[in-house]
């Protein structure tokens, strides 16, 4: 469906305000180098490769000195906004920073900044299936390993059935107004949702699971980075630096716009 009538109709949010403390080192993991480019370059290029993508909003940390200042990827606009202390806060900021042309019931993608190995076929399938559902869908992978439940003493308390268990991946696809309501309500309740589907679940909604490739992994450890570098070499992947345009959109200006929207947005009953 890459040549579908959806061309240029979907915006993506990339939360990139995290520090990646599990990885260690001075750089946030999304800026680690692989093949001569930051990891996030591959992430943005993978999204921009789909003709349905209209543009990307990247939520960055207020003190981010590493953001390369991209304003477009493959001629598709890249906007920035200031993210929050949690993933959910950054995603909400990104949703509120979307252009006015994005309507309340339009679908929006959310994708991890440090998940650079997204396949075009997976994104295509997610859009095809997710847009046919009133709620949306997420990429996910069936759990294949045997799962053990641990006791407080480190011993095994039991084995969990895996037949209906899936690992949540990204991108995740939901309507703009449902994202706003779900993330806002979770925050108000003091619940730190770890992905957007969890916010939907809290509202009683049931997103679809779309099976994605196992190699759509998130880079969280040095071993993950080495694995991605191996994939780059094996497949001969390179980023065309000319496809990444700068100077940067002013993040402080976007942040003021987000603050204004946070103060004035009305949620109503349109998110169910």
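Cβ atoms here come from the backbone N, Cα and C positions, even for glycine.
Note that the structure is predicted; figures quoted are calculated from it, not measured.
What Swiss-Prot annotates here:
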type : residues : note
SITE : 22       : site 'Transition state stabilizer'
SITE : 29       : site 'Transition state stabilizer'
SITE : 162      : site 'Positions MEP for the nucleophilic attack'
SITE : 218      : site 'Positions MEP for the nucleophilic attack'
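Here the CA atom of residue 218 (site 'Positions MEP for the nucleophilic attack') lies 21 Å from the CA atom of residue 162 (site 'Positions MEP for the nucleophilic attack'). The separation of residue 29 (site 'Transition state stabilizer') from residue 218 (site 'Positions MEP for the nucleophilic attack'), Cα to Cα, is 10 Å. Neighbour density around each Cβ, counted as other Cβ atoms within 10 Å, peaks among the recorded sites 29, 218 at 29.
Look at residue 218 (site 'Positions MEP for the nucleophilic attack'): DSSP puts it in coil. Over all protein chains present, the Cβ of residue 162 (site 'Positions MEP for the nucleophilic attack') has 13 other Cβ atoms lying within 10 Å.
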